[in-house]
Amino acid sequence: MSTTQAAKLRKTMSGSELDQLSINTIRCTAAEMVQKAKSGHPGAPMGCAPMGHALYAHAMKYNASNPSWWNRDRFVLSNGHACALQYVLMYLAGYKDIDLDQLKNFRQLGSRTAGHPERELLEGVEVTTGPLGQGISNAVGLAIAEANLAATYNRDGYEIFNNYTYAICGDGCLEEGISSEACAIAGHFGLGHLIVLYDDNNITIDGNTDIAFTEDITKRFEGMQWQVLEVAKGDSDLTDILAKIEEAKKCTDKPTIIKVHTTIGFGSAKQGTSKVHGSPLGDEDLANVKKQFGFDPEKHFEIPAEVLSLYKSALARGQEANKEWDALLAKYAEAYPTEYAELVRRSKGELPIDLDESIPKYQVGDKAKATRVTSGEVLAALMKRLPEIIGGSADLTASNMTNMGAQPIMSRDAMQNRYMEFGIREHGMAAILNGIHAYGGFLPFGATFVNFIGYCWGAVRLSCLSKQQVLYVMTHDSIDLGEDGPTHQPIEMLPLLRGTPNMSTIRPCDGRETVGAYMAYLNNKEGPTTLILSRSGLPTFEHSSPEGAMKGAYIIDDFSGKADKKVVLIASGTEVLQTVEAKKLLQEQGVDARVVSMPSWDLFEKQI
């Protein structure tokens, strides 16, 4: 068929034919992006194109001209290597940050269309994904955030928050253990506004999933209290995909996973094999794909006007929905001015002017306290003042001291509560926190022992990459945790944290420095913060201060006399007390010492 003939045919298309043209456009464009880049993953975008089109052209409520609209539906591409799919969809949808040149520069240095989706590069990318299993777990966090805001602020006639969170995931995401951790929590909370479309193509890099992945996904998710639906012909049956999404929306007390049976690399000569997973199709195969889908092989990045027009209709619907929400919010502001003012403050990331008055004060001579205890006291005070603080512990609440204020526990019937029992699921907890923060208007925290931040690391690293304001409350620091032995002594964790870009690591020596650590967290919008906290009791030092801690390092005990021999001793956390004692021993030998408390290397370096 010639290009002219194809154009004439398109003018007489029915809705279903236009949908098919759109799906084929997505497939060809995604494959061409990978081909031009000479690297990437064409298979999943070609197989997932009907799902992506169903969401962006029909099912989702979003406004590409206002990507930060608070009540928009969220989309997460958990199998982030399939990002060519998301970039094409965002281009069609009209996101201003992504034009045709960005598609052509896929995976190139300086391009916004990176090799995996990055929320810092593109408005419209909700979370940074790539390591498999992270995205679906982030989606759980996004859905928790919506449920919490809805339960807290919605009123009769004022449904301010009611958006859905959609995710596409692949076999690899469900093989990763983190997905089980997070999805179990989603089922526990009954997150009815979470809908996952599972790209069930039975292929991974090493071959058919039968070589390693033979569990019954339906039974697994039903056991985790999810609704499970199925689309038998995911390559072609858009009507069934849309019908299953609508069915999922009717289930209000369970999250839904839709098993969509697809063919990886649909249309390619290599379809259905691992060969189409992570390599360009090749010129000949790409040309044949274009031919069979009605495109001219000699034309590059051909986007039919009819497809763009269809997506403009989706944009118009989203703009109208956004406008209606704005009008509802204006009425809400009149009816509930206090709640509205709080929402505005939260949306802007602002803190109350008089917040300092709520924070505990620590004095010299107070009973020695572990910094995990002073942390618990400060956190409890902040949670009373800041409804945006939400989080919990991985089954160590009493040890981490993260609920000393006796906050009520979140449950499926009390989603307005803000203290979460994550269970023994450190990795899932950290990924969920990333999702909660990505929703906007939240300051999430999670707690465990310092040593077990290693269990969280995949998600922690992404919070650093995404510059997300997440707080990690890590207790039981150092070899001081003697009785449990080396399995629980976090010798290597401090260097790992301190060496990770965008992570702020703070190891306070007493209650005053703990206050400073929390204030530093509240003011740090450039990445996550980890607090390293002791189990052993520590006194309040005469010259310690929150302000000093916020600078990263300061003199806590200066030179005492005029000795000829002088040294500067630098320490942090529990070792500050030992260093002050060491100063006394040095003085007995004629050596004077200045003791510097350095709770945070990164905060100190920011002054330089």
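Backbone N, Cα and C define each Cβ position, glycine as well.
What TrEMBL records for the substrate site is HIS41, HIS277, ARG372, SER399, ASP484, HIS488, ARG535, and among HIS53, HIS476 the residue it adds there is HIS476. Checking the candidates GLY170, GLY172, GLY234, GLY485 against TrEMBL: the one annotated together with HIS81, GLY130, PRO131, LEU132, ASN201, HIS277, PHE452 at the thiamine diphosphate site is GLY172. TrEMBL lists ASN201, ILE203 as binding Mg(2+), and of ASP171, ASP210, ASP216 the one it places in that same site is ASP171. Comparing GLY130 (thiamine diphosphate binding site) with GLU426 (active site, proton donor), their Cα atoms are 19 Å apart once rounded.
Distance noted between the C-alpha atoms of HIS277 (substrate binding site) and GLY172 (thiamine diphosphate binding site) is 12 Å.
Rounded to a whole number, the distance between the Cα atoms of GLU426 (active site, proton donor) and HIS81 (thiamine diphosphate binding site) is 25 Å. Over the domain 'Transketolase-like pyrimidine-binding' (369-540), the average per-residue pLDDT in this prediction is 97. Cβ-based crowding with a 10 Å cutoff singles out HIS81 as the top-ranked of the binding-site residues HIS81, ARG535. Listed in sequence order, the residues GLY170, ASP199, ASP200, ASN202, THR204, THR209, THR262, ILE264 complete the 8 Å Cβ shell around the Mg(2+) site centroid, once ASP171, ASN201, ILE203 themselves are left out. Secondary structure at ASP484 (substrate binding site), as computed by DSSP, is coil.
In the three-state DSSP scheme, ARG372 (substrate binding site) is classed as helix.
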